[in-house]
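Annotation source Swiss-Prot lists domain 'Kazal-like' at 3-51, citing sequence analysis. The annotation disulfide bond is assigned in Swiss-Prot to CYS5-CYS35, CYS13-CYS32, CYS21-CYS51. Summarising the annotation, Swiss-Prot assigns N-linked glycosylation site to ASN42.
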Amino acid sequence: VTVDCSGYPKPACTLEYFPLCGSDNQTYANKCAFCNAVVEKNVTLRHLGKC
């Protein structure tokens, strides 16, 4: 599974809840929050859902 993070980072994210687990073992609330972390911290997707 991959997440397309082109167009990120964004200045603000919605409150939509669709959890993604990052390689830093942190659960991100949605694609926007995850993709911002990808750009800032070079995180990768571990799996969909909470960590």
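Each residue, glycine too, has its Cβ placed from N, Cα and C.
Feature map: annotations from Swiss-Prot on the structure.
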{"residue": "CYS5", "record": "disulfide bond", "DSSP class": "coil"}
{"residue": "CYS13", "record": "disulfide bond", "DSSP class": "coil"}
{"residue": "CYS21", "record": "disulfide bond", "DSSP class": "strand"}
{"residue": "CYS32", "record": "disulfide bond", "DSSP class": "helix"}
{"residue": "ASN42", "record": "N-linked glycosylation site", "DSSP class": "coil"}
{"residue": "CYS51", "record": "disulfide bond", "DSSP class": "coil"}
May I ask which residues of the same chain, at least 6 positions away in sequence, place their Cβ under 8 angstroms from the Cβ of CYS32 (disulfide bond)?
TYR8, LYS10, CYS13, THR14, GLU16
Given a separation of at least six residues and a C-beta threshold under 8 Å, show me what packs close to CYS51 (disulfide bond) in the same chain.
CYS21, GLY22, ASN25, GLN26, THR27
Determine the Cβ neighbour count for CYS35 (disulfide bond): the number of other Cβ atoms within 10 Å of its Cβ.
23
At the Cα level, what's the spacing in Å between ASN42 (N-linked glycosylation site) and CYS5 (disulfide bond), rounded?
11
